[in-house]
Every structure is written in C-alpha cells, then in structure tokens.
Amino acid sequence: MANLDMEQHSSENEEIKKKKHKKRARDEAKKLKQPAMEEEPDHEDGDAKENNALIDEEPKKKKKKKNKKRGDTDDGEDEAVAEEEPKKKKKKNKKLQQRGDTNDEEDEVIAEEEEPKKKKKKQRKDTEAKSEEEEVEDKEEEKKLEETSIMTNKTFESLSLSDNTYKSIKEMGFARMTQIQAKAIPPLMMGEDVLGAARTGSGKTLAFLIPAVELLYRVKFTPRNGTGVLVICPTRELAIQSYGVAKELLKYHSQTVGKVIGGEKRKTEAEILAKGVNLLVATPGRLLDHLENTNGFIFKNLKFLVMDEADRILEQNFEEDLKKILNLLPKTRQTSLFSATQSAKVEDLARVSLTSPVYIDVDEGRKEVTNEGLEQGYCVVPSAMRLLFLLTFLKRFQGKKKIMVFFSTCKSTKFHAELFRYIKFDCLEIRGGIDQNKRTPTFLQFIKAETGILLCTNVAARGLDFPHVDWIVQYDPPDNPTDYIHRVGRTARGEGAKGKALLVLTPQELKFIQYLKAAKIPVEEHEFEEKKLLDVKPFVENLISENYALKESAKEAYKTYISGYDSHSMKDVFNVHQLNLTEVATSFGFSDPPKVALKIDRGGYRSKREPVNKFKRGRGGGRPGGKSKFERY
C-alpha cells in the first residue's frame, strides 16, 4: 500500500512539474516574440513560425529526455521528431541566410539545398540548347535529303506556265518537281542551252517537254509553220514513250505532235509531216531520211532541238547520222542534251552544238549512282549451268513478279524466247529484227502488265519507263558500268520505289565487280546453290536436238554470243580466249559444241583499247579486229 501511495505521489509530482515546464516555455516564448516584432518587422511571419516551431519542440525534447531516464520512450514519437528535424532545420537555415548570420555548417546545408535547383536550371538550359541544335540538325538533314532525293518541294504551280499546260500536268498526276525538272525548266524557258545529267527515272522527259510546249504556245506556232520543236531519241520505244508524254501535255493546246521512227511506213509519215507537225519526236535514221528526201517537211522554223539519251545517240551507227542532221538543221536555235551519264563524247558534242550552255548534274556528289530503292546483287555461276540457273530463277517467280532479262545479242534473245515458249514459260521479247507492228504492241503490253517476263537486249536499257518492275536480271553482263547503270535503271524508278537487280557472272568474269565498286555501284554476292537447280538438262538437250528450227536458232545464238563476247571493250574481264566452248555450248542446250564459223580476233589478249575517235565511225563492233561499239570505260 505504501508503495502504491508513493507511486501515486510520484506521478502527481510529475504532473506538477510538467505544468510548470509548459508555463515557463510559454513565458519564454512571449519574451522572445516581442523583441523580434519590434526590431525586425519585415520578418515577422518567418520569425514567429520559426520561434513557434522551436518552442513547440522544446517540451517534447524535455519530455523525451525525462522519459529516456525512466526508460519508457515511445519509438513512434522518436521517428516523428526525427522526420520533423530536417524540415525545421531547412526553415531555420533559410531565415538565417536572409539575415546573413549563417555559420559554416549552415552554409553547407544551404549549398546542398540549392544544388538540385542549380542542376534543374542547368538541365533546362541544356535541353533548350539541345533543342536548338536538334532543330539545326533537322534542317540540315532535310536539306541533305532534298539534295539526294529525286523529288523537291517546288511545285509546278510555282512556274509561270500557261493554264492549258498546267491543267495537263495536273491531270497527269504531278504536283511537285523532281531535281532535274526544278533545275532545268527555268533556264530552258528563258531560252538558254542546257546540258543535263540525271539518273534514269528522274523525270528528264518532262524537264525538256514542258519548256518545249510552252515555247510553241508563246510563239503561237501553227501547222503551216512546220516543225518548231524536234526531239531525237536513240530507240523506237523511247521515241514512242516521249511522243505519248508530249501528246498528253499538248492535250489542251492547238499545236500538233507526231513521231517518225524506223519500222513504220515511211509514206504515211511523209504525209503527216506535209500537213505540219509542230512537235516532232524521231529516231536518228528515219529523221535523216525525211530531212533529205521528204519535200513537204518544213523544218526551217525550228526553234528548239532536244537530244535525249545523248550518249546512246553517239554510239556507233548513230554518230554519222547525227552529224548530218546537225548540218541540215537551222543554226539559230535553242539546243539541249540530256542523259543519265555524261561521257567525253557527250561533252564533245555539247561543245559543237550548244552555245554557252547551263550545265546541270543533279547526281554530282552522290555516294551511289543507282537509285536508292534498288537492291543489287550478283551470282557467280559456271558457264555450263547458266541456262539451268535462269530457268530455275524464272520458274520461281513466274506469275508472281515483273521481270526483265537482258541478253547480249538479238539472236540469243530470240532463241531463249523460243525455248521458253516450248516449255510453257510465257514471255515477251523486245530486240532488233522484230517488225515494228509487233514490237510496239509488246512494249505497250509489258507496260500494262502487273507480272510477266520480258527478254530483251540493250534496246530496252535506256529511258524506257516500265512501271513496277520487280527484278532486273543481267543474264549476259553489260559491256561496262555505264551500261549496267542504264539496265538496272528500269526498276526502282521514282521517289520511294523499290526493286532488285541480279547480275550473272562466270568465275572468269568476277573482276567486273571491282569496276562496279569503283564506279560507286554497291553490289552484294548471292550464294549459288547447285543442288537447287531444276534437273532439266537432259530434257532441254533432247528438245533442241529433235527440233530443227530450235536447233538452228540455238546455233545462231551460240555463234553471236561468242562474237559479241569478242566485241567487249574490257578485255581484262571479258577475254574470248578464256571461254570454255564446251561449257558455253551446254548453256545453249548442246551436249557438244556445234560446228559454226566463228570469226573472232586471233590476236590474243589485249589489255588496252584505243577509244573511238569523236565523230568518226569505228570498224564493226563484232567484226574481226573491229573496235567496240562502246568507248572503253
């Protein structure tokens, strides 16, 4: 009982002590509060809060100290006090900093508090600087992209075109100009001569036809004035294509348009010329014929001459014709030369036919000379397996893809087309030696086709625009990298277009890849797997041996293949004396080489070839000792 009374008395004493402590604390608070208000009225709120915080904590500290002595402190209370400490310390340090009486320890605390703010501010500045840098980089990237892309942001509407021309362009589906169009059309419309170079599929045709149509419109050309614009193309198909574009552009104009090309009826063409053709598209040979022999052909008023694919026009069999044509045409005229590549011979022609020309090369400085969307590869196939390789490849994609296959000679193209038809491979062919009334429908048919196989020679390698071609297969390699570029240019045409190209080489021809890479043409090797080839060799050999017409066709193809091989200008790559004739014969369906008269150069390997003299016809391309029809690359 005594103990209980003592404990009760002790607890009462504790309560009394607590009350005394609280009262003392309140009195001290009043004393501290009053002078602060008098001396520093500007900091009234801050000091009051700070002092109140300190006062409120004082009894807790004393209570905590007392409880600690008794050994019954509350852990939760300790945690609460510990959490409140930094907050109060922050407020105190901020206040002391304002008064300027912080000590070193407090300075460190303030520095620690200010550090995150400084970091945030720095991060914000860095972000702003980065944004500006990114914006500059984006603009540079856009400029770079525009320089390397086919398209520009310039519209046809920005040109000072007649309403009728602009209406036609709009109906054709064009809004923005390509690089060559944006750079060539303005000087041409101002009457300047232009030497233009742009990759295939870049819109060269519109680049010269739009100024041509505008010229005829401005000078009010009529049929009785004759021909005011003349466009010369190297091939019939390219002439037909250019004629089609010109016809669309002149749809709402009163001026007339026509074409004269080899293979058509000359008499019919002469009658049309006599009626007056204001814009004439022509191939060199037939044009020269009409210039010299058609009396009703009026060309004395010619204002504008265009030579499209000028480097091809200058090849053998065209040089002399072109020289005569230029001598017959009026000297006072505007002239332009356009091509996918600029050779020394084109520059020579420009010097004698152009006056102070504007030189435009939209591909200058590009890392690659072929189209961006083009995937290019090559496959090394032994000569004896070439035919089986081609059959296997075409069988895989027949009816699924649109494919062009290039051969070195007309006879080789003809034989393969006949063979494929015998074995139920549907295919078309474009080459020399086919009547124009058959060749033109074939050309138009392949344009409209979604899938199909076209076998062709280099006659289809320049300027022709076949939509959506998936594969270019160069079964026979080209003469040089320039021809390679033109061939693969039949696919991946236009902005964003995709396509694939495959070059078939024998092991002896592998050095050609070095020349391609030196010409900035990226090619990847594809693995040749013999086990995947169709096992049809006995069938093909039996078919050819039993079919007289097919056998004769194969003989001619074999013969011209070897003659064509001998005419290659790059003798260090394509040396006819390194051919294994037994393997070559196998690739044409023979078990043994056929007996044919081969006229090839017996002089052996020659590492160098002299270039063809400008404006002089060289000796026959495939004849013994004759120079190549192509200038050495």
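Any Cβ shown, glycine's included, is placed from N, Cα and C.
Feature motif 'Q motif', per Swiss-Prot, maps to range 154-182 of the set 154-182, 241-269, 328-356. Confidence across the coiled coil (2-34), taken as the mean pLDDT and rounded to a whole number, stands at 55. Burial estimate for the binding-site residues (ARG199, LYS204): highest at LYS204, by number of other CB atoms within 10 Å. The C-beta environment of SER202 (ATP binding site), restricted to residues of the same chain at least 6 apart in sequence and closer than 8 Å, consists of ILE150, THR178, GLN179, ILE180, VAL362. The DSSP breakdown of the domain 'Helicase C-terminal' (386-534), given as helix, strand and coil counts, is 62 helix, 26 strand, 61 coil.
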